Number of protein chains: 2
Amino acid sequence: MTVGAPTLLSLLEEKPGEFVSGEEISQKLSVSRTAIWKQIRKLEAQGYKIEAVTRMGYRIIERPSRISPVELTFKLSTRTFGRNVRVHEVVSSTQDVLRELAEEGAPEGTLVIAEQQNQGRGRMGRSWVSPAGKGIWMSLLLRPNVPLLQTPQLTLLAAVALNRAIERVTGLDIGIKWPNDLLVDGKKITGILLESAAEDERIRYVVVGMGVSVNLEASDYPEEVAAKAVSLRMACGRMLDRTELIAEILKEFEDLYAVYNASGFETIRLLWEARSINLNKPTVLTTASGRIEGIPRGISEMGALIVEMEGESMQTVYSAEINPWEK
Amino acid sequence: MTVGAPTLLSLLEEKPGEFVSGEEISQKLSVSRTAIWKQIRKLEAQGYKIEAVTRMGYRIIERPSRISPVELTFKLSTRTFGRNVRVHEVVSSTQDVLRELAEEGAPEGTLVIAEQQNQGRGRMGRSWVSPAGKGIWMSLLLRPNVPLLQTPQLTLLAAVALNRAIERVTGLDIGIKWPNDLLVDGKKITGILLESAAEDERIRYVVVGMGVSVNLEASDYPEEVAAKAVSLRMACGRMLDRTELIAEILKEFEDLYAVYNASGFETIRLLWEARSINLNKPTVLTTASGRIEGIPRGISEMGALIVEMEGESMQTVYSAEINPWEK
């Protein structure tokens, strides 16, 4: 049943599973075939999958799933993480939205989720593919009582939390590329970006941005990204319930954060090292001050990467591009 | 000459140097004596100094000075610092105003000045006395290309820049209390607060808040602050030209920042150490993780305070309250 003027969506939804002919749509909406195509594209961008068959017409074969705050609250087993939550349809970036809330005094654990980001950001100012309804694009607010120079530890903590939660839900074997990219068979499935605000050496807050490519398909990736990225759906061959995954991630994150606050970085360090794909392999690091060739041996007490250089001297690296070193 | 309805200010300004009787004011403004007192208080809060003599009335004996962007630009000898400048009459905090501009993409060197702040902030969330027209309350935008964990170096750089500029203008002997309070005879003349925003280990920007108590008088300080703070005017016995002082601070800051960017922290470290009032004296440091008693010996390569503990072991401290240690 449609209310008010019919739309392309209402026509297609009227007879679930059945084709609606282009002619019928043209007449009922009083629009051209070209205009129909444009509207189909719009629905697809919103997460609908529409089949078009010559002489049959169009039908919906997949609907976008929606993250509902009510359902999420029901599935959550956390104390504070995600208890204060906002779900948006489209935002520029969940980071920007949450940063504003943080400045207004939002409590630790506040979560901002978006079905779609039109200016999703990755590390080093790169853009991040975040189409509607297919991924988890969210930001979590932390107000840790640690000095600013310990933020590298939080970066690694976030990687371990996502790694453990996603492995538990999907059964996939997920490696961590330093510092915080999660990879399946060498292809990236998540992006994590920590933005911190500090007053002198005191952290005011940290906004942890998490992008998880959940139900994206190969066609969702731009060509230049497709070689380097994969979705959980593509990797494990089935669609995943995003709300369940969010609940798992928050639970794991909250638990590890509690361990970190209570007894320090050591546990996180060991968990991170156990999942690293970079340790003990010849590696090239491109830092702001130059190129480093060596073998990463572990993570320092402060959260830096310890790299063994030629002659067995050790160097600690906080920020760099990391790649295998092919002699 | 007044335009429109007379105000208390216009009546007082009509005959410069002469008294205007309370009766005359009452009649011309049609207000009570009590109402006149309230308005006098308001003018004083704006930086006017008004003499009240029984049976004579009121007269202005000091007008607030104003920082003019045009005059400042004329006096500046910098390349970028302060070239993009906004002068506000009243703001909550110049930090908040500049942070917004930074998020919108303002260039390095952008400066926000306010004649008055009604929510001026100091370190550790303390409030900061910033009455109208009597001090320098300003924030400077930096976009340094250094990793996040080097921000302590910038904190010390700011202290050295203000120290050198203010010494040159006033001739006062100014010590630095770690990390960045400037003191004259043990009393505080400035407050510096760095707020930084980072993406992982990369600094997005740093907003350097500087509060300099220039022409405040003893009566401007709340009782609990008066014992610990002093203005440049009180310390050197004369009023100072705030615009000239701002120009000197920016010049010194820009020069030191250029040295820092070109050849690293070493010069800043030596300049800071030479002006420190804490080095080589028994000291108590109250950190987030506990109390440290020892003797500060210098600044580390990364900008931390190196404290010699009993038994000659060394500890580095990034953030703490510092006080003399009286056995």
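Going from the start of the chain as shown, residues are counted 1 onward.
Note: Cβ is positioned from N, Cα and C throughout, glycine not excepted.
Automated prediction, rather than curation, is the source of TrEMBL annotations.
Residues annotated as DNA-binding region in TrEMBL: A:22-41. The annotation domain 'BPL/LPL catalytic' is assigned in TrEMBL to A:70-261. The feature biotin binding site is assigned by TrEMBL to A:Gln117, A:Arg121, A:Gly122, A:Arg123, A:Lys188.
Contacts of A:Lys188 (biotin binding site) defined by a Cβ separation under 8 A and a same-chain sequence distance of 6+ are given as A:Lys177, A:Asp181, A:Leu182, A:Ser213, A:Lys228, A:Ala229, A:Val230, in order along the sequence. In the DNA-binding region (A:22-41), helix, strand and coil residues by DSSP number 17 helix, 0 strand, 3 coil. Summarising the environment of A:Gln117 (biotin binding site), the number of other Cβ atoms within 10 Å of its Cβ, over all protein chains shown, is 27.
Predicted-model confidence for the DNA-binding region (A:22-41) is 88, expressed as mean pLDDT.
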